[in-house]
């Protein structure tokens with residue numbers, strides 16, 4: 001850091017992460033755990049993407065959304081975990097100012113996009129169960145592409161606004177971040193300039209990008225469940241519910257962990273607890289999504305088995 005004369009302000013060129021600093025003797029174990037989680041996340045989501053591309057049975061809107069969700073989870077996990085893994089081997093766990101802003105941009109983009117994309121997937125399940133005769137029209141290829149593009153656009157616009165505002169902040173020392181990643185609230189805590197505009201935009205975004213998709217998804221599933229309960233046969237009800245069980249599980253995990261991560265009180269949390277909650281949201285959730293779909297979805301399990309068989313026995317076709 002380069003100090004300005006006649007001023008207590010500093011020109012911050014890098015940040016020092018304090019995350020996991022309370023347990024220096026466990027750095028090697030942490031590295032192995034998070035490396036395993038990251039590799040599982042990459043492998044699981046890559047398998048999902050590949051399976052939805054090569055299996056004709058998965059060429060439907062639901063699995064088109066799922067493949068985009070898997071790509072998003074790869075980006076989400078790759079935003080924070082590689083930097084964290086490298087820092088486990090560094091005595092001084094740092095990130096440049098530009099790197100911090102870049103991490104905020106991609107982290108906020110992925111989180112916002114995933115929330116909106118999950119709402120789009122809820123709409124797909126609503127149309128499939130509540131309006132099945134209109135499904136080919138309401139969920140055409142054009143509509144699906146627009147929903148996915150709109151999800152990314154919402155995430156990008158939201159992230160761009162936060163990143164640009166964060167870049168205008170005047171930051172004061174010390175340059176320590178009590179975490180293992182860069183996030184908007186953490187940067188606001190280091191600022192010695194007026195943050196009222198940043199906080200206002202943050203509140204607006206939490207409603208439009210955070211709360212609105214959750215409310216839309218909740219209402220969709222209320223209508224879906226009410227429609228399922230009106231199906232006369234138990235077999236029909238089970239079949240209808242099985243088509244949305246995986247997505248509903250992913251929704252509960254994502255919005256539940258997001259609420260704990262961003263809705264926790266600003267005071268009263270230890271560094272270790274803060275790190276644990278963030279790891280659950282930013283690292284564990286992207287790994288869970290392909291696992292949930294693989295365990296609860298027969299079509300995905302079948303496609304993954306065929307894909308795994310093709311990898312082990314290339315050119316072999318089971319008769």
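In case you wondered, yes, glycine gets a Cβ from its N, Cα and C as well.
Those TrEMBL annotations? Automatic predictions, nothing curated.
The shown structure was predicted, so the numbers you read here are calculated from the model rather than taken from an experiment.
Per TrEMBL, the stretch carrying the note transmembrane segment among 275-295, 296-316 is 275-295. Which of 29-51, 144-166 counts as transmembrane segment depends on TrEMBL, and there it is 29-51.
Most Cβ pairs under 8 Å to the transmembrane segment (200-229), among the stretches 29-51, 63-89, 101-123, 241-263, 275-295, belong to 101-123.
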